[in-house]
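Feature annotations, courtesy of TrEMBL:
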type	residues	note
TRANSMEM	20-37	transmembrane segment
TRANSMEM	49-68	transmembrane segment
TRANSMEM	74-98	transmembrane segment
TRANSMEM	110-129	transmembrane segment
TRANSMEM	135-153	transmembrane segment
TRANSMEM	247-268	transmembrane segment
TRANSMEM	274-293	transmembrane segment
Amino acid sequence: MLSAAHDILKNQRAPENNSHAVLLADILPTFIIKMLAPFGLHLLPYSPRIILCGACTASSFLLVAFSQEVMTSLSGVVLTSISCGLGEITFLALTAFYPSEVVSWWSSGTGGAGVLGALSYLGLTLVGLSPENTLISMLGIPVLLLATYFLLLKSPDSSACQRDGALGTSAQRPLTAGESSKGLLKYIVPLTLVYFAEYFINQGLFELLFFRNTSLNHAQQYRWYQMLYQVGVFVSRSSLRCCHFRFIWLLAVLQFLNLGFLMAEVWFSFLPSIYLVFLIILYEGCLGGAAYVNTFHRVAVETQDEHREFAMATACIADTLGISLSGALALPLHDFLCQSH
């Protein structure tokens, strides 16, 4: 969806800073939804939320595919952001009613979505479909989402969930401000830092990591960076069944070391081969994915039963907060580095 929006905006002769506008339209709605969700979203049943997610996704595809104006395309990006933000909160909260193992499967799905989304758009455009027709061909995705939820997903087994403490009115009781700050910040802060460093690299440095001694042009190098990053995220988000990692702070430190190293490469260009950058970006994705899946696994396992649903929904503000903060700093840095070189 976002790749198509970038391509369509280029065809609409959007201003040169259209990437900034797309990024803003993609981040802000999700950020607002996640900030406001703890104050009342739990009062809205799950089924209407899923229907709204599907409707926003379908509408976003249609708006961008048939848009003739820049603002219409950006409105489609906003609807995508609403669907993603609301969907992530909803499904993470829903995991409280199932065994804790579902967090691993959810994380694998989110990692796979990045790879499959990029591959499907790349593949369909390579065989000759325009960005507009590619989006229209994806209208089956929101239908599949609704069918999966209403037809495939089984209702939680009452006895099992009661053993886990997931069902009942107590599971939906929000934490007080004191409980929230004490109980959730230890999960939110390190994950926010990981995502800050991660998306600072993605938004501010990817386009500047250009190697001339390779057969890949600039656009192809950028696509490879994105693809390898998504592969790293997918692999690590699927790793929970193999290993658990409690020290999320260490992952944040390692991700900031990645940021410092790649920023030095942009400035000094000391690496002899693009393949070294490929490895670093794959590693970057692995760190981010590992931080995500292990954070939510810890929330699911360590949070008190009566707070689990609320905690899972609230903790997901961490990734969007990190992305938002990184965008605010990475884009000006990107422009500065472009002017300096």
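Quick reminder: no glycine exception, Cβ is built from N, Cα and C everywhere.
Owing to the predicted nature of the structure, the values given are computational and were not obtained by experimental measurement.
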**Prompt:** In the same chain, who gets a Cβ under 8 Å from the transmembrane segment (110-129) while lying at least 6 residues past its ends?
**Reply:** 1, 3-4, 7, 88, 137-138, 223, 226-227, 230-231, 233-238, 289, 292
**Non-local residues, at least 6 beyond the ends, that sit with Cβ under 8 Å of the transmembrane segment (135-153)** = 1, 4, 47, 50-51, 53-55, 57-58, 61-62, 64-65, 120, 124, 129
**Request:** Please give the sequence-distant neighbours of the transmembrane segment (20-37): residues at least 6 beyond its ends with Cβ less than 8 Å from one of its Cβ atoms.
**Result:** 2, 5-6, 9, 14, 70, 74-75, 77-78, 80-82, 84-86, 88-89, 203, 313-314, 316-317, 320-321, 323-324, 327, 331
